[in-house]
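Engineer: Sharing a structure below in structure tokens format, with a few things to ask.
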Ligand code: NDP
Ligand code: MG
């Protein structure tokens, strides 16, 4: 039996993780965590019978405690709650499907406690990859990528782990505004940005995909996961989202992983690795599929991707500034407080304003996150 903790169980990745677990006889949920959606969390508790759950807001946690008092479940709250879930004795693997930097501390504690990590939360490696990867190696825990691109690369590489990639070809759909120019982006409304052509995802990552900041975060994540330099990761626009990513080897051979845009595949693979299991659902049909096309990313219009390369290359605290600035800017855009192009402008301004520190500790990372938020609040 594999015992699983899901942080962010009520979100897009979280609910799809539970869809996977529901179909596997040898998997069991031992804990779930959410931000505030206690309605969905209660349904999940009644179906999966976790021992512990955590809700971020204490008030909501209290409300949930009354709702589930007929059940044998312990309801925790806040960061303490997340940390307690992360190190649960019986847990084998932690699925980090929360959105934002909130995922870092629970991930670190889980690794220290020897738990494998099924990693969806990309902010974790982007900001603290230099701390997490060595720690995972020391504790001999696996970091299993859930993001479709990183899962694809992982699948391409694992046949011979000792063979290093020459280059990682990270595919991107290009998002809903592919082909648009700077002046077109001025007119973008929230509703337009929330429509992704191929994938159904949480709001924040949907906006990130439209600005290509998501791809930038993925480049930085790939650098840590596969131990390569930033310049070895090349973004390739593949608008149909059929190729989930590719690896080029020293001899020029390129391996790719293809599939329909269904996150349940990378989630399931992270939970069953190294086994592959049956997964129901739509499959690629090569009788009707006629073409797969490629384009170069437009880093002039979508300069958030260029800023990500800069942040990742400089390293230190700069990726944290990039990420925190984006997090806050996106939440302001979602609240209709700033215009669409301001998301990337804010990231650029925050990066310009920052004096990079090398090899930051976890405390320094969290401090820089707060400083970035404060800078944004004082300016926008
Ligand atoms: P969603 O917004 O759909 O879900 C986020 C989840 O995190 C919800 O369960 C939410 O709870 C929970 N949450 C938010 N804040 C807290 C908190 N403070 N404490 C505990 N739980 C919290 O996001 P996604 O599922 O789309 O994305 C999750 C992560 O996975 C992100 O880092 C994203 O970049 C990454 N990812 C997502 C992909 C996708 O296809 N969606 C693909 C690849 C990576 P509540 O519902 O109560 O608010
Ligand atoms: Mg992705």
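Heads up, the Cβ atoms here are built off N, Cα and C, so glycines get one too.
Just so it is clear, the model here is predicted, and its values are computed rather than measured.
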Engineer: Taking TrEMBL at its word that 122, 148, 149, 196, 209, 214, 215, 218 bind 1-deoxy-D-xylulose 5-phosphate, choose the one of 77, 173 listed for that site.
Structural biologist: 173
Engineer: Given that TrEMBL annotates 10, 11, 12, 13, 35, 37, 121, 123 as NADPH-binding, name the residue from 179, 202, 216 that shares the site.
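Structural biologist: Looking through 179, 202, 216, the residue TrEMBL assigns to the NADPH site is 202.
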Engineer: Among the binding-site residues listed here, 10, 12, 121, 214, whose Cβ has the fewest other Cβ atoms inside 10 Å?
Structural biologist: 12
Engineer: Secondary structure at residue 147 (Mn(2+) binding site) (DSSP, helix/strand/coil)?
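Structural biologist: In three-state terms, residue 147 (Mn(2+) binding site) counts as coil.
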Engineer: Nearest by CA distance to residue 35 (NADPH binding site): which of the binding-site residues is it, out of 122, 196, 218?
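Structural biologist: Going through 122, 196, 218 one by one, the closest to residue 35 (NADPH binding site) is 122.
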Engineer: Taking every protein chain in this structure into account, which of the binding-site residues 35, 202 has the most other Cβ atoms within 10 Å of its Cβ?
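Structural biologist: Output for this query is 35.
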Engineer: In whole Å, how far is residue 12 (NADPH binding site) from residue 147 (Mn(2+) binding site) when you measure between their Cα atoms?
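Structural biologist: Residue 147 (Mn(2+) binding site) and residue 12 (NADPH binding site) have their Cα atoms 12 Å apart.
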